[in-house]
Structure formats: structure tokens, C-alpha cells
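Participant: The following block contains the structure, expressed as C-alpha cells.
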Amino acid sequence: MPPIEPHVCPDLKELRRHQETLAQSVRLEPLQGQPETVAGVDAAYAGEEIVAVAVLFDLATLTPVARSFVVARPALPYIPGFLSFREGPHLAEAVRRLSKRPDLLIVDGQGIAHLKRFGLACHLGVELGIPAIGCAKSRLVGEYVEPAAERGSRTLLLDRKEAVGAVLRTRSNVRPVFVSPGHLITIDEAVAMVLRTTAGFRLPEPQREADRFAAEIKRKLLAGEAYANTRCKA
């Protein structure tokens, strides 16, 4: 994928064409082999800088084994529908900085449950060539029937009569999450992996730890601590 020049407000028509081209690269297909590691990725903002983090988990023990982060100016200004172009390059770099390449990504955001079928999980999956799942706390598109109250209950998320994900109850009597495949995985597999990595909380453990780690780095940055070795050059 060609890099996007940072800090430049793009031509929206060109950006939309780029998004449509990349969306054609998304492949929803069964996993090739059983993943052994999974990385949660998330981003936070500290002033004008983005904090992009990746936390690698061992899937068998569901324990963190590595983590990395990048601090940089966002690649683009915020443009509705194009969040992945703002955060994706930095999150991808955080994943690349992990000591081991993950077998699977769980992304705090959407996969194909997106107006253009190209959410943040799709962007990262395509750019990195890694199976990716979007696990969002709120719906972006689509309609659904509320799943039953028990953990593991799910219903399809439908957009224009197309199944774009699942509405999944990861904890009994707690609000569901919106799971959608991003790349190289099916809806059913994405649901199974989210349930497998959820341990007593609403969100998967890799996603929770990525959120916590991003908040920690943000707090330290705002307190004036320097991380010059992790900042991307403008």
C-alpha cells in the first residue's frame, strides 16, 4: 500500500478512490491454521499527537508477552469515514515494532461494518497481511435484533441486506459488542476469537490491555515525560 504523506489535507475524491481500491483487497476467508498469538491495537490522543499501541498476547494462556507504541502527529486531520487513514499508519507501525509478528489482530473499531466496507480493521489487515477483527463498542452501520442476555448470544448485523458482522454478548446482561471481520477471517471465526479472548469483561483482553497501555502513555506524555525514541519524524 503506498504511504500517505502525513500532515497534508488530501483531495477527498482521491482519498475516496484510494479507499475503494484498498477495499477491493479485503478477503474474507477461513483462517489458515490456528493462531498462537493475537495483538490488540488501540490509539489515544495527547494534545496534537496520536499514541498508537500494540499489545501482543499468547493465545493459549491469554497473557501479554510484548508491547510497543508510537507517538506521532496524526497522518491526516479527522475526516468522517476515513478514520483508518488517520490512525492506520501509526497503528501499523506499532504492530511492526512488536518483537514478534502477531498471527491475529483485534482492533478497537470496525471491519467491514463500515459505509465503504473498509474500516480500521480492514485497513490494518490489508496493510500488514494479517487476519484482523474489528471489535467496536458501538454500531456504525446496519440493523440488528438484540441478542439474548446470556454470554455467547449473537445476532447478525445487516447493512443493506448484507451480513457485515455480528452483535455479540460477551458477558451476560451487559451491552453487546459489534464484531466484524476485517481481513483473512470469517464472521463466525471473528465471533469465536472475540469470545475466546474475553475473560470476565465486555471487551477482549488484548483490546482492554491496549486501551490501558495507550492511556498510560498518554498520561505520561501529558505529564511532560519524553519518549523521543518512539516519535515518528514529521
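Placement of Cβ uses the backbone N, Cα and C atoms for every residue, glycine included.
Per Swiss-Prot, the feature Mg(2+) binding site maps to Asp42, Asp108; the stated evidence is sequence analysis. Among the features that Swiss-Prot reports, site 'Interaction with target DNA' is placed at Tyr78, with the record citing sequence analysis.
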Participant: Out of these binding-site residues, Asp42, Asp108, which one has the fewest other C-beta atoms within 10 Å of its own C-beta?
Facilitator: Asp108
Participant: What number of additional C-beta atoms lies within 10 angstroms of the C-beta atom of Tyr78 (site 'Interaction with target DNA')?
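Facilitator: Looking across every protein chain shown, the total is 10.
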Participant: What is the interatomic distance between the Cα atoms of Asp42 (Mg(2+) binding site) and Tyr78 (site 'Interaction with target DNA'), given in whole Å?
Facilitator: 16
Participant: Just to verify a number: CA distance, Tyr78 (site 'Interaction with target DNA') to Asp108 (Mg(2+) binding site), in angstrom, no decimals.
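Facilitator: Approximately 17 Å lies between the Cα of Tyr78 (site 'Interaction with target DNA') and that of Asp108 (Mg(2+) binding site).
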Participant: Through the lens of DSSP with three states only, how would you label Tyr78 (site 'Interaction with target DNA')?
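Facilitator: DSSP assigns Tyr78 (site 'Interaction with target DNA') to coil.
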